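> Just lifted these from Swiss-Prot, have a look:
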type: BINDING; residues: 26, 72-73, 98-99, 102, 104, 123-131; note: 5-phospho-alpha-D-ribose 1-diphosphate binding site
type: BINDING; residues: 34, 35, 127, 155; note: orotate binding site
């Protein structure tokens, strides 16, 4: 496992963003782990999080000049990543949306840069894909070109059908990048001799894996 992935998992554990136990998901499934990027709320952890996203984008050589952060979790992610990219000499622009259209002041649904050019959607995880589809529509309506999606964790899990939402996105010709995926997490736990957790995650993946 490379240093970036292991360092990200350690940060997620330290901030209790990543937890192990029994968690009931919206789908009704009982998951042995849970990931909540909303718990990256300290300035230093947000700074590091932005660096992880930025490094992943650069390592994957993604061709883009614009980040779109879906409300609400995507907003700090886009901001932190844009700052991290600027520190690495890559100046990109940021846009995010409002949940409700504003009818006064500057009005509209979008805040930040005009949503044009080669754009990457940034989020923490993608499950049902609702936020992705809304973002995809906004980008298209405003003249942008969707070049990819980056998330923190790919659960490698199918949805209510045999396919995962990420598989359906990829079938549209849209690349999906992640800082880590479930198999990285399993490898990390094996290296840390946490075999009980490994067994639970492998059983879950065998049952629900995409």
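Cβ from N, Cα, C; glycine included.
Describe the structural context of each listed feature in the structure shown, including burial, neighbouring residues and relevant distances.
In the three-state DSSP reading, residue 26 (5-phospho-alpha-D-ribose 1-diphosphate binding site) counts as coil. Long-range Cβ neighbours of residue 26 (5-phospho-alpha-D-ribose 1-diphosphate binding site) (same chain, at least 6 residues apart, Cβ-Cβ under 8 Å): 127, 128.
All protein chains considered, the CB of residue 34 (orotate binding site) has 15 other CB atoms within 10 Å.
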> Taking the Cα of residue 155 (orotate binding site) as the centre, which of the binding-site residues listed as 124, 126, 130 lie within 10 Å of it?
126
> How many Å lie between the Cα of residue 34 (orotate binding site) and the Cα of residue 130 (5-phospho-alpha-D-ribose 1-diphosphate binding site)?
19
> Counting across all protein chains present, how many other Cβ atoms fall within 10 Å of the Cβ of residue 155 (orotate binding site)?
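That number is 25.
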> Determine which residues of this chain, when 34, 35, 127, 155 are set aside, have a Cβ within 8 Å of the centroid of the orotate site's Cβ atoms, and list them as they appear in the sequence.
25, 31, 33, 125, 153, 157
> Taking DSSP three-state, what's residue 126 (5-phospho-alpha-D-ribose 1-diphosphate binding site) in: helix, strand or coil?
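Note: residue 126 (5-phospho-alpha-D-ribose 1-diphosphate binding site) is coil by DSSP, not helix or strand.
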